[in-house]
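Reviewing the structure listed below.
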Amino acid sequence: MASKYRGYYHDEASSAAGGGGGGGGGDGYRREKQVRKKRLTAQKRKEIKEAFDLFDTDGSGTIDPKELNVAMRALGFEMTPEQIHQMIAEVDKDGSGTIDFDEFVHMMTDKMGERDAREELNKAFKIIDKDNNGKISDVDIQRLAIETGEPFTLDEVREMIEAADENGDGEVDHEEFLKMMKRIGFGAGFF
């Protein structure tokens, strides 16, 4: 039973938000991320190059942690020093402690994908929360199930709510929704 509604949440929430669905845990998200990397437009690559050159303040051809922090802030990402160092470690293939342009492109493509996944989940939440009260109730899920032709009993719907409802109020708020989606593997990269 649990796998049934996990697939439902993943497939319906992601397709409601324009995602690819997939139902295979995080496989659909990973597949979308790979396609997105391949589709990096020449314009986006040019913008990333301009940002790289702008923030490579010493002209070394690499970005160090201080330069990366400034770059990320300028691109709309507020990050702690620990997050900056972790980002560098994740893409720094040569262990230099700095990021060259190719490493920067890889990192920024991942960050853009994370932002896209969060936007998809936010859209999905709004679609499910039809009455716009900031919470998903059993009524919201039953309505969506009817609209999509998914035959769920009231007990199944309540079980779905209980699985995600951390504060015990009988509804799923936005934060609980994001945590639940992380548990089932959708958009795991941005958490």
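Cβ coordinates come from backbone N, Cα and C, glycine included.
Copied over from Swiss-Prot, here are the features:
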{"type": "REGION", "residues": "1-41", "note": "region 'Disordered'"}
{"type": "BINDING", "residues": "Asp92, Asp94, Ser96, Thr98, Glu103", "note": "Ca(2+) 2 binding site"}
{"type": "DOMAIN", "residues": "116-151", "note": "domain 'EF-hand 3'"}
{"type": "DOMAIN", "residues": "152-187", "note": "domain 'EF-hand 4'"}
{"type": "BINDING", "residues": "Asp165, Asn167, Asp169, Glu171, Glu176", "note": "Ca(2+) 4 binding site"}
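Within 10 Å of its Cβ, the residue among the binding-site residues Asp92, Asp94, Asp169 with the fewest other Cβ atoms is Asp94. Sequence-distant contacts of Glu176 (Ca(2+) 4 binding site), defined by Cβ-Cβ distance under 8 angstroms and a gap of at least six in the same chain, are Ala164, Asp165, Glu166, Asn167.
Reduced to three states, the DSSP call for Asn167 (Ca(2+) 4 binding site) is coil. In this structure, Thr98 (Ca(2+) 2 binding site) belongs to neither helix nor strand by DSSP; it is coil. Mean model confidence of the domain 'EF-hand 3' (116-151) amounts to 83 (pLDDT, 0 to 100 scale). Between the alpha carbons (Cα) of Asp169 (Ca(2+) 4 binding site) and Asp92 (Ca(2+) 2 binding site) lies a span of roughly 45 Å. A 10 Å cutoff on Cβ-Cβ distances gives Glu171 (Ca(2+) 4 binding site) a total of 19 other Cβ atoms nearby, all chains included. Excluding Asp165, Asn167, Asp169, Glu171, Glu176, which define the Ca(2+) 4 site, the same chain contributes Lys135, Ile161, Ala164, Glu166, Gly168, Gly170, Val172, Asp173 within 8 Å (Cβ to the Cβ centroid), listed in sequence order. Summarised by DSSP class, the composition of the domain 'EF-hand 3' (116-151) is 24 helix, 2 strand, 10 coil. In the three-state DSSP assignment, the secondary structure recorded for Asp92 (Ca(2+) 2 binding site) is coil. Among the binding-site residues Glu103, Asp165, the residue whose Cβ has the fewest other Cβ atoms within 10 Å is Asp165.
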